[in-house]
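Okay, structure first, notes after.
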Amino acid sequence: MAELKLGYKASAEQFAPRELVELAVLAESAGMDSATVSDHFQPWRHEGGHAPFSLAWMTAVGERTKNLVLGTSVLTPTFRYNPAVIAQAFATMGCLYPGRIFLGVGTGEALNEIATGYAGEWPEFKERFARLRESVRLMRELWLGDRVDFDGEYYRTKGASIYDVPEGGIPVYIAAGGPVVAKYAGRAGDGFICTSGKGEELYAEKLIPAVKEGAAAADRDADAIDRMIEIKISYDTDPELALENTRFWAPLSLTAEQKHSIDDPIEMEKAADALPIEQVAKRWIVASDPDEAVEKVGQYVKWGLNHLVFHAPGHDQRRFLELFKRDLEPRLRKLA
């Protein structure tokens, strides 16, 4: 079994840049091994939302912490970004913070790409997935440090070189919500990312088996692939507060089609706020008892996940981190 790791999800859609940095610093002192950040150009919510630039945040946190592993969860290197430039950015961070940087990638959402000028119909999954695979190939070629002439279907480089690259390049984590991309993560990813709250069948019977299948097809050791899950947890000793804290993140309870196709945060907010709190809370582990919380988290370890990244929905993240350090972290370490 791979090493058990605990991480903190820095909610870039919810907090301003300076506050988000300070929270990551606190997360390290609370016992977290890693901190991940989403890369949104626009937030899920128009009112009260935020969208700081993820790579600037990672650099600021890197300077303020000693051992915290930092990565995106996730970034789309295929539309508003040129993957060659993302490869350069992550190579630079990898040189600044050796062994502490990874690139988490996904296929993208209209919310972030339409606003920045993507023209035409938002592509179907097939094209978005093809772009992702091609971008990963290009970035890895560039991280070898050689001059790269790349002539792909979507991306091209001519005599491109990245001059400052950490030894071994940058680990790439692939986000997957279904078995097709999970199999690709097993075949080509250094890590795999998924999110919680969708039932045992998805994780134990689809995602993890697909990762293992992909690894076997590529003659890789599946246990060497870091299997990360963003655990949506609203833990507070006050049960009413634990429930109400989930409200801000109602957009997560929209359908996958809505989340991938709505391109306006105002419309996203309207759709989310129409949901009852009971439906919103279904995506979360809502608990006021630490043993109950850890028991529910422990299911994901049994299903094959080893890197648990905790996403707390409340506005008082300092309170969550204090409670995490006091009540949850000691119990969670025993899951190993």
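Numbering starts at 1 and runs along the chain as displayed.
Cβ coordinates are placed from backbone N, Cα and C, and glycine is handled just like the others.
Going by Swiss-Prot, these are the annotated features:
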type	residues	note
BINDING	Asp39, Thr76, Thr107, Gly108, Asn112, Gly177, Gly178, Val180, Val181	coenzyme F420-(gamma-Glu)n binding site
ACT_SITE	His40	active site, proton donor
ACT_SITE	Glu109	active site, proton acceptor
BINDING	Thr195, Lys198, Lys259, Arg283	substrate binding site
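Taking the mean position of the Cβ atoms of Thr195, Lys198, Lys259, Arg283 as the substrate site, the remaining same-chain residues with a Cβ inside 8 Å of that point are Gly177, Ser196, Gly197, Lys232, Leu252, Ser253, Ala256. Look at the binding-site residues Asp39, Val181, Lys198, Lys259 and count other Cβ atoms within 10 Å of each Cβ; Lys198 has the fewest. Taking every pair among Asp39, Thr76, Thr107, Gly108, Asn112, Gly177, Gly178, Val180, Val181, the residues listed as contacting coenzyme F420-(gamma-Glu)n, the largest Cα to Cα separation comes to 23 Å.
The closest partner of Lys198 (substrate binding site) among the recorded positions, by CA position, is Gly178; the full candidate set was Asp39, His40, Thr107, Gly178, Val181. Considering only the residues assigned to substrate binding, Thr195, Lys198, Lys259, Arg283, the longest pairwise Cα distance works out to 16 Å. The Cβ of Asn112 (coenzyme F420-(gamma-Glu)n binding site) lies under 8 Å from the Cβ of Asp39, His40, Phe41, Gln42, Thr76, Phe79, Arg80, each on the same chain and at least six residues away in sequence. Put simply, Lys259 is the one of the binding-site residues Val181, Lys259, Arg283 whose Cα lies nearest to the Cα of Glu109 (active site, proton acceptor).
Using CA atoms as reference points, the binding-site residues Thr107, Gly178, Val181 were checked against Lys259 (substrate binding site), and the closest is Thr107.
DSSP gives Thr195 (substrate binding site) a strand state. Each residue contributes its Cα atom, and for Arg283 (substrate binding site) and Val181 (coenzyme F420-(gamma-Glu)n binding site) these two points are 22 Å apart. Counting neighbouring Cβ atoms within 10 Å of each of the binding-site residues (Thr107, Thr195), the lowest count belongs to Thr195.
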